[in-house]
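Here the structure is laid out as structure tokens; the discussion comes afterwards.
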Amino acid sequence: MYASREDIGYDFGDDSKVGSKPIKPNPNIDGGWAWMIVFSSFLVHILIMGSQMALGILNMEWLEEFNQSRGLTAWVSSLSMGITLIVGPFIGLFISMCGCRMTAIIGGILNALGWILSAYVSNVHYLFLTFGVTAGIGSGMVYLPAVVMVGQYFQKRRALAQGLSTTGTGFGAFLMTALLKYLCTEFGWRNAMFIQGAVSLNLCVCGALMRPLSPKDLSEKSAVRSDSEENQEKALSHSTETIKSNGVLSEEPEKKEEATNEEVLESVQHTENGGNSRSGRNMHGLRILKTVSQLTLTVRKGFALWYSSYFGAASLFTNRVFVAFIIWALFAYSSFVIPFIHLPEIVKHYNLSSQDNIFPLTSIIAIVHIFGKVILGIISDLPCISTWNVFLMANFTLVTCILTLPLMQTYGGLAVVCALIGFSSGYFSLMPVVTEDLVGTKNLANAYGIIICANGISALFGPPFAGWIYDITQKYDFSFYIAGLLYMVGMIFLLIQPCIQKKQPRQKSTEEAQV
């Protein structure tokens, strides 16, 4: 295993160098306003992830209202959950251009609009557009900034901060289930969705709390996080040479482009100052031209950063460990979602419904999941513990539980396995931390967008695939076995690629010594 986080992969985003002068840390990093960011992210997880885990209440109402098949109706919830994660890479583009705060506020409005429009649909197909697509995209525009901002504001307590913020998913599952059940009983499902849309406007408040850090603060945070300066300088110099040789993102054209845009803005401003005696109509036109020029410059810079992260010479996909991380994410999330869908049927098959009604197995997973996120975050923040090793151990425990769950035929055995599934799945709070260790703070938004996109694909197609396996075999056992085996394939990629990348520098140094 690996003792340090830098062994996982090199950092693309740390372009600052530690100078001889001591760095005065920002008081808001690891403290101060950083805890308001955690509180904002906590509320986002309650309102978005919590409400999505409570969609079973609305799903029953939709079945009665529209009289459609269970498979067709279930696609509404599946689309909402899947699109929230799949749009991650495109939300990274919005963050690059507009910042986390503006992206989250727009997403809150879009999410609320999706809930409200869904209250007036006449058939389930309109729900695909209003709730599945509109509310799903809005949820994605709030969820990704909430995760990225926590990563930017924390250095020493990143895992704990992410763990505390993501516990909102578990709390939200209970709160939103009770709220939607009460609203549907008292006011009907249409009014319930309208009220939930009004509640979702609080996402805009959460977005307003996401106060951005200055570039200076981000560079200082990256400098403090650097434990191996020599390796980073080599990686950065190699990346810079590659970029300049390919001519994709060389610094000179970028500086020329910035200078050209600044000259345009200065000329517009000079014309504006010199034209005070002219008519107000011309002044208004000059102000519009200046605003459009500034907006164009911001959009072009944001798009260049987003494009370089995916397709440039310094692309995230040149990091082999990160690519292995993506492959793992394609199989991981479905293994967590499948038990929530098929456990009720397994309980019914073993005649355990009476015990499950007293304390549902899915509730055991949700409750222990909350504690798992916090405890794993605390363990990962210990100076002698590697976050990467904790992440791998939690994955190994989860895949073992997925494979052994069909073998349990008593309520007690199922309860123990479900508790272990809930605890080990707390590694979700470590995913942003591991992603930041792989690619750096600068590329966190784009990189984590790719990871949650892979998770979204897994969540979208995993449960229907498990149902298809049941239709063929008439047993749920094979659904868990296949999900566990695919999960193990993803883990093999995580174990192999770091070994390959760690050996490469040694091979180079041996060749240089021979020369």
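Yeah, the Cβs are placed from backbone N, Cα and C, and that goes for glycine too.
Now, the feature entries from TrEMBL:
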type     : residues : note
TRANSMEM : 33-55    : transmembrane segment
DOMAIN   : 37-502   : domain 'Major facilitator superfamily (MFS) profile'
TRANSMEM : 75-95    : transmembrane segment
TRANSMEM : 102-120  : transmembrane segment
TRANSMEM : 126-148  : transmembrane segment
COMPBIAS : 220-236  : compositional bias 'Basic and acidic residues'
REGION   : 220-281  : region 'Disordered'
COMPBIAS : 237-248  : compositional bias 'Polar residues'
COMPBIAS : 268-280  : compositional bias 'Polar residues'
TRANSMEM : 321-343  : transmembrane segment
TRANSMEM : 358-376  : transmembrane segment
TRANSMEM : 388-408  : transmembrane segment
TRANSMEM : 414-435  : transmembrane segment
TRANSMEM : 447-466  : transmembrane segment
TRANSMEM : 478-496  : transmembrane segment
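Panel annotation: around the transmembrane segment (75-95), residues 48, 52, 55-56, 58-59, 62, 103, 106-107, 124, 127-128, 131-133, 135-137, 139-141, 143-145, 148, 302-303, 306, 309-310, 333, 445-446, 448-453, 455-457, 459-460, 463-464 of the same chain, lying at least six beyond its termini, place a Cβ under 8 Å from a Cβ of the stretch. Sequence-distant contacts of the transmembrane segment (447-466) (same chain, at least 6 residues past either end, Cβ-Cβ under 8 Å): 71, 78-79, 81-92, 143-144, 147-148, 151, 309, 316, 322, 325-327, 329-335, 337-338, 341-342, 431-432, 435, 438-439, 476, 479, 482-483. Long-range contacts of the transmembrane segment (102-120) within the same chain, counting only residues at least 6 positions beyond its ends with a Cβ under 8 Å from a Cβ of the stretch, are 44, 48, 91, 94-95, 126-127, 130-131, 133-142, 144-146, 190-191, 193-194, 196-198, 200-208, 210. Contact between the transmembrane segment (388-408) and the transmembrane segment (478-496) is present: at least three CB pairs lie under 8 Å, with pairs separated by 6 or more positions in sequence.
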